[in-house]
């Protein structure tokens, strides 16, 4: 009937009969039974294979000596530790990346607290300039005229003549400070004036010493030049001999004055202090 209806072209009038439905249901049931039997046999085969594999592995493990098993266990432990360390390092890096600025500041404070006397840590990072340097511009070099050959050699006599007014200014300043010290009543102000006078007087003394050394050495050179003209060999002074000449000139300039006595007393005190330092220390008395 279905075939006749299809030939006629009327699909809406097609109605399956009971016989056709019974035939299809019986065929489906037979297919399902076959599939279930196949699956059950596959599962049974898998279970049997797993059992045989387990039995074979157990036999192999029984045949392995205990020392080899211990070595394998240690190797597994070491690999596990390495794996955890690598993962820990990766986690710490990720934490640093996703760390908030407040957390990083707290870490910096803790680090500073831990290392109190450590040197200051400075970042080596530098901002990239916006403009690229196409032409290299040489950096201007600063020049100190005191130590540069372009300024020429130092002529001490010329400098003294050119800057002689500085010495006169210092002498006038010393007189002014001495007068101010007499009239001043404040203790702090008096101390400051005394310090200023001390520094100025020491500068004057230093200037006089330099002039004396220059004069003594100049006289010695002139005398040696005269001896060379007479056909004698030149004699060059050592540092120790220069000091002796300067001391003799100093004694001659202070002869017949109280300044020589004061100078000798100071010198004796210095020598006594040096000798005292060289003496061995006294042992403590044992009770």
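The backbone N, Cα and C atoms fix where each Cβ goes, and this holds for glycine too.
Note that this is a predicted model, so its numbers are computed, not measured.
What Swiss-Prot lists as compositional bias 'Acidic residues' is 20-50.
Feature annotation from Swiss-Prot assigns compositional bias 'Basic and acidic residues' to 201-229 (among others). Non-local neighbours of the compositional bias 'Basic and acidic residues' (201-229) in the same chain are 156, 167, 170-171, 174, 235, 237, 242, 245-246, 249-250, 253; each lies 6+ residues outside the stretch with a CB under 8 Å from one of its CB atoms.
Residues annotated as compositional bias 'Basic and acidic residues' in Swiss-Prot: 256-266 (among others). For the compositional bias 'Basic and acidic residues' (256-266), the DSSP counts in helix, strand and coil order read 9 helix, 0 strand, 2 coil.
Taken from Swiss-Prot, the feature compositional bias 'Basic residues' covers 267-281.
Sequence annotations record features per position, and here Swiss-Prot assigns region 'Disordered' to 1-131 (among others).
Residues annotated as region 'Disordered' in Swiss-Prot: 201-236 (among others).
What Swiss-Prot lists as region 'Disordered' is 256-287 (among others).
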Cβ under 8 Å, sequence separation of at least 6 from the ends of the compositional bias 'Basic and acidic residues' (256-266): give me the contacting residues as numbers and ranges. 250
